[in-house]
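Asker: Found this in TrEMBL, in case it helps:
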type: DOMAIN; residues: A:100-289; note: domain 'ABC transmembrane type-1'
type: TRANSMEM; residues: A:34-57; note: transmembrane segment
type: TRANSMEM; residues: A:104-128; note: transmembrane segment
type: TRANSMEM; residues: A:148-175; note: transmembrane segment
type: TRANSMEM; residues: A:217-246; note: transmembrane segment
type: TRANSMEM; residues: A:266-289; note: transmembrane segment
Amino acid sequence: MSVQNASAAIGGASKSQKKSRGALFWKSVRKFPMVYVGGLIVFLLVICAVFAPVLALHNPITQYQNGLHMDGTPVGPSKFFPFGADDVGRDVYSRLIYGSRVSLIVGFVATAISLLIGTTLGLISGYFGGFIDTVIMRITDTILAFPFLLFALALVTILGSSLTNVLIAIGILGWGVMARVVRGQVLSVKEFEYVQAARALGASTPRILFRVILPNILGPIIVLATLAVSQNILVEAGLSFLGVGVQPPTPSWGNMIYAGVQDYQFAPWLMVYPGVALLLAVLGFNLLGDGLRDILDPRNATH
Amino acid sequence: MLSYIVRRLGGALVVLFGISVVTFILAYAVPSDPARMIAGPKASMATVLAIRHQLGLDRPLYVQYGAYIWRLLHLNLGMSYVYNLPVTTLIGQRFLPTATLALSAWIAELVIGIPLGIYTARRARKLSDYIVSILALIGISLLIPWLGIVLLYWLGFKIPIFPLGGAGGISHLILPALTYGITGAAAYTRLLKSSMLEVLKQDYVRTARAKGATESRVINRHVLRNALIPVITYGGIDIGYLLGGVVLLEVTFNWNGLGILAYNAISESDIPVIMGTVLLTALLVVLFNLLVDIVYVFVDPRIRYG
């Protein structure tokens, strides 16, 4: 049998396996209804971010004169400003809609960066073992030793405050846990017959790592990634709150909350709405991730 | 067991080396020139060059790294550009307030998280389990400063039970601790619940019940002791989140500790102070994880390290 045939056989086997696994997946989704709630929130969030120009009522950075009272205080929720205006007369609702873009971009892109680094290192570490494993795991321990937020704060300060640098900082700091989990998963599957079969048939190492092992440990990785998205959205908001990251007038939920703190007493809408938006977004990814973990947990499997 | 501890110490030393390399690279990669920072914007180029030479910034990287390690070993973290004081002095002044705050925040997490974990495990798949789990999940999804400000407004301003930020007695600690407890407890709840459910299925729990042990005895003596192992592991990981989250807590509640020191240093590009706090917190994380690994040996009778 040539390598092609062998891989076709492997591919075929995993495909039929995938189908039954997929059926089982949808069957157990019904047992965990919160996944739907999480999925719905995430879906709405994506819609918000993609169709922001359509959904927003006003330009998010235009300062409207009728957004301020005569004494310079912002006007509250009204027909023209559904969620009120901010301290320079910008529409809070439109800023909220556009702010979803920052949160989602950071959530997805930073997680993708961490995922790429963490999965690759975890696969290599678990598969090769020995000295390579020790070196990679010590590097992982080192990265995990730095308090995430503080280190991200230092890194963004050094790189300069911008969305790109926030993405990079969160992305290159967040892979530690992923590398550890992926390594553990690799250790548990690498002695299985299908991996040995692929090896015996002469499949190259990258092929074994990425085409044979990776698809079989995708479940825990997806769960981890979903939960990482929620964490990264919160970290971005925390950085924005501390004044590094996305700079005003570009709206991000974190810098909107920060700007609203001073006026909380007489203009609570400035802080309440972005806070609730942030809560919903993070909660959505958390519900989705938690639900997926319950569904993919073999102990909860439906037979 | 001794060889296990020695091996673990060796690993920690390697990680410490890694931490020193990372902080050194970061301090070196800073775009703003430290010599220029010290000399001030009006100083002549000759002065800047002289300071650069004095600081050894014109020497090769490995020499600078060697000097850096040498200084670290002598507990010399350099001078703050802004305060013109040794970084160790600045950190020393603020260490205790931060340790107090972090410890109370951690206790709040445990006090909220652990009972909820036991409760949800015993009520698994009942309505109350779902309600508590969702509430815990909402807690973990909140931004620390946001929750902090809302609590401050309602419990410090509208109904003045607690002081409006700053340091002082225990009353100053309650709101920040509560804030962190609410946002962090869910991790413990979730972990304890799943590990308790796992333990509850074990034969020895059934045996204990069959012997006629009361439910509270079964939970306290047989289930909890075994189910707490992963919780202890997470406690070690959590210290990292805690020391990061403390920055947000301190800024929100105007608590003059390491977090505010780092935060101010960042806005003023006071690199030695930033690197000092990052280094110290990383050191603490390594130390705590080492401690956790050693505590394991005593807590879990099943773990025997050769």
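In case you wondered, yes, glycine gets a Cβ from its N, Cα and C as well.
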Asker: Would you kindly list the residues that approach the transmembrane segment (A:266-289) from elsewhere in its chain, counting only those six or more residues past its ends and only Cβ-Cβ distances under 8 Å?
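Answerer: Sequence-distant neighbours of the transmembrane segment (A:266-289): 34-35, 37-42, 45, 73-74, 76-77, 83-84, 86-87, 92-93, 96, 99-100, 103-104, 107, 223-224, 226-227, 229-230, 233-234, 237, 253-254, 256-257, 259-260.
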Asker: Given the transmembrane segment (A:217-246), which of the listed stretches A:34-57, A:104-128, A:148-175 has the most Cβ pairs that are under 8 Å apart from it?
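Answerer: If we count Cβ pairs closer than 8 Å to the transmembrane segment (A:217-246), A:148-175 scores highest.
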Asker: If we skip the immediate neighbours and take only residues 6+ beyond the ends of the transmembrane segment (A:34-57), which ones have a Cβ under 8 Å from one of its Cβ atoms?
Answerer: 82, 91, 93-94, 97-98, 100-101, 103-105, 280-281, 283-292, 295
